[in-house]
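Asker: Pulled from Swiss-Prot, these are the listed features:
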BINDING   ARG23, GLN24, ALA25, GLY26, ARG27, ASP73, TYR148, SER203, HIS318  substrate binding site
SITE      ASP73  site 'Transition state stabilizer'
Amino acid sequence: MNRKVLKVIDGETVFPPPIWMMRQAGRYLPEYRETRKKAGSFLDLCYSPDLAVEVTLQPIRRFGFDAAILFSDILVVPHALGRDLRFEEGKGPLMTPIDADEIFWLETEGVAKRLEPVYETVRLVREQLPDETTLLGFCGAPWTVATYMIAGHGTPDQAPARLFAYRFPEAFEKLLNDLADVSAEYLIEQLGAGADAVQIFDSWSGVLDEDCFERFCIRLVARIVQKVRAVYPQARIIGFPKGAGMLYAGYREKTGVDMLGLDWSVPLSFAALLQEEGAVQGNLDPLRVVAGGNALDEGVDAILERMGQGPLVFNLGHGITPQAPIENVQRMIDRVRGGKS
């Protein structure tokens, strides 16, 4: 088995570095938009294995990325917990905000089993992927998932969730613990279905102060990692605490993740120091892919120059945007793999 992404996660230096993109199955691809229309709703797309397999494989067929990531959404976990969830064009995910009393009535028993269509997608993708392509599963980190459950939608700085945590600490701690336990079961099921590694997305960790980052992010991700490794001791886990800044230091050691996903705001000098401790993933600004040209080339070259001699999975610093031209994605891949565009 020659899955380059797994080699990097294990600490090997691979050159040229393997590459994939967060949200690589998405609206920038015309074939994705066609499949999305067939599905009806975004959730129907997530829960229909045949269609979810198709969109997971589309960027692999087109670009030959070194990893496929399961097509789903971080909010299927609260949906499985019984919370309503819908996606509206231009508004993103919408939920009825949970209140403190409701948290104590959340029933977590057997929740992961309700997500069987997701595991079927994993099984089918693994069967159809080229053998050298890594298959990644994922979940949202408890803090990030909780922010949507509390506000009912995304907010610029997640003030509703932060205020909720200060006002209702007991309820908030229970919510985070419940989400961690269900998420661990969810990842265990994905690994059992054929995922090679999993990523924990903490997209809103950057809005927290240091104390809350330790209590709401690090503690809960560590809890997930411990529970997953109790079942799969060799499980490879990627942590992505977007916006963590200086708090990236120590994150790997405290949580137990194998590889650090870095957002584009992380200085490359700091990223290189983090790489001395183990594998890193990232961290091109997604808007450089939209811009193309010299802006794209210079961004790619800077990352390769600073981190290409160590364990690196080349990625964006967050998800690719719908506005990204396909030719710019190909230009980025060619440049990473050694062909100048």
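A Cβ is built for glycine as well, from the same backbone N, Cα and C atoms used for every other residue.
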Asker: Ten-angstrom check, please: count other Cβ atoms within 10 Å of the Cβ of ALA25 (substrate binding site), all chains counted.
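Answerer: Neighbour count, Cβ to Cβ under the 10 Å cut-off: 25.
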Asker: Considering the binding-site residues ARG23, ARG27, HIS318, which residue's Cβ sits among the greatest number of other Cβ atoms within 10 Å?
Answerer: HIS318
Asker: Compile a sequence-ordered list of residues in the same chain as TYR148 (substrate binding site), six or more apart from it, whose Cβ lies below 8 A from its Cβ; state 'none' when nothing qualifies.
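Answerer: Spatial neighbours, sequence-distant, of TYR148 (substrate binding site): LEU75, PRO78, PRO93, MET95, GLY154.
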Asker: If I restrict to non-local contacts, at least six residues apart, and a C-beta distance under 8 angstroms, what lies near ASP73 (site 'Transition state stabilizer') in its own chain?
Answerer: PHE42, LEU43, CYS46, PRO93
